[in-house]
Ligand code: GLU
């Protein structure tokens with residue numbers, strides 16, 4: 001059987017086993033496409049149903065999360081944790097609270113996480129979890145009651161050496177605090193290493209909050225440098241305005257770029273003179289308001305509720321909002337407007353069509369599993385600090401993050417070149433991420 005046929009069989013099995021999970025199918029299709037190249041060269045990676053095992057989570061948990069709202073009504077949500085692959089270390093990955101969450105979304109995120117975590121070079125496996133709970137408009141006490149109920153079930157399945165959740169969309173420091181408190185009570189021990197993204201006074205790490213955004217900027221700087229460019233004087237679009245976007249904007253501007261637009265689900269803001277990061281932080285992190293407040297308070301900023309943020313001419317595009325936010329049409333518009341670099345702060349924000357356009361139009365593209373790995377990498381640094389009951393300085397932690405991101409870029413570039421696709425960082429990230437996990441799985445036998 002040819003490699004092409006073999007890989008299409010793997011994919012058919014995934015489709016049959018996971019009906020209706022389109023995001024999971026999309027994530028698997030992209031990785032399998034890259035794996036054809038390595039399977040041609042190194043057929044031993046097809047041994048022992050390795051690829052079939054890689055596409056099947058080790059464990060998938062779905063549970064009921066009942067909680068009481070402020071009016072005394074009982075609400076029911078669904079909770080998930082997909083423990084995808086533990087070849088390299090305990091399962092590691094965030095929790096997402098968003099109404100769009102379903103098992104397919106969690107599986108796509110968990111699958112991506114395996115390769116991302118492998119690329120960090122740190123000993124962490126891949127997992128993801130969350131709930132279809134919508135934090136928007138909920139009171140602080142409602143958030144706390146939901147987090148506590150979620151943890152009442154989740155606590156049985158996690159632990160410092162087993163599975164270490166963190167944040168993702170809808171889960172930040174506040175939610176991690178409520179979940180950690182309930183875990184501590186149930187387990188009757190202060191097990192710092194069970195969650196990451198903790199507060200600084202109870203086992204958290206400096207730089208963890210900034211890490212995904214800073215890491216994205218460091219990765220993109222390396223990608224720019226590899227093509228003789230830098231952020232200096234560049235016009236940059238950053239979609240989103242959550243934790244990833246805010247710190248990407250901050251670092252890009254520190255590195256000499258001008259961020260000319262950002263967004264949230266209510267619209268996008270055009271700001272030709274750059275972003276006032278302190279103001280954006282106050283609106284999103286402290287007041288938890290929409291981006292329209294920014295336009296009311298900062299001169300020269302305009303709110304758009306129609307059209308697309310990707311219509312705006314720019315040099316660099318950093319999608320940091322959510323999956324599939326940038327499609328083929330958007331990518332064509334970016335290319336027509338002269339954009340030369342795209343790097344993903346969100347997980348899978350570019351559709352398969354968009355990636356085709358990047359390739360066809362010569363846009364240098366850093367895929368999320370490489371470009372946004374700074375968050376989980378710094379989570380692994382938090383685990384290291386917890387394990388030795390230490391806390392590192394901001395400078396030291398940031399330097400470690402910077403080194404990790406530079407190294408990820410180098411590994412992706414070198415692997416793409418080694419496998420005959422120089423400059424294709426999708427292929428580089430998928431193959432480099434895969435190899436480490438695959439070698440560990442082969443060494444550990446059929447489990
Ligand atoms: N949710 C983040 C990601 O997508 C971070 C996960 C973590 O720190 O475990 O990688």
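Using N, Cα and C of the backbone, Cβ positions are placed for all residues, glycine too.
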**Q.** Given TrEMBL lists 92, 113, 116, 167 for substrate, the same-site residue among 350, 379, 391, 393
**A.** 379
Q: Would you count the other CB atoms within 10 A of the CB of residue 379 (substrate binding site), including those on all shown protein chains?
A: 29
Q) Residues with Cβ closer than 8 Å to the Cβ of residue 212 (NAD(+) binding site), same chain and 6+ apart in sequence? A) 243, 244, 247, 248, 345, 372, 374, 375
Q: For ligand 1, pick out the recorded positions 128, 168, 243, 379 that have a CB under 6 angstroms away from one of its atoms.
A: 168, 379
Q) For the recorded positions 92, 116, 128, which one has its C-beta crowded by the most other C-beta atoms within 10 angstroms? A) 128
Q | Taking residues 92, 113, 116, 167, 379, which bind substrate in the record, the widest Cα spacing (Å, whole number) | A | 16
Q. In the same chain, which residues outside the set 92, 113, 116, 167, 379 have their CB within 8 A of the centroid of the CB atoms that define the substrate site?
A. 93, 94, 117, 124, 126, 128, 166, 196, 375, 376
Q. What Cα-Cα separation, expressed in whole Å, is found between residue 92 (substrate binding site) and residue 128 (active site, proton donor)?
A. 7
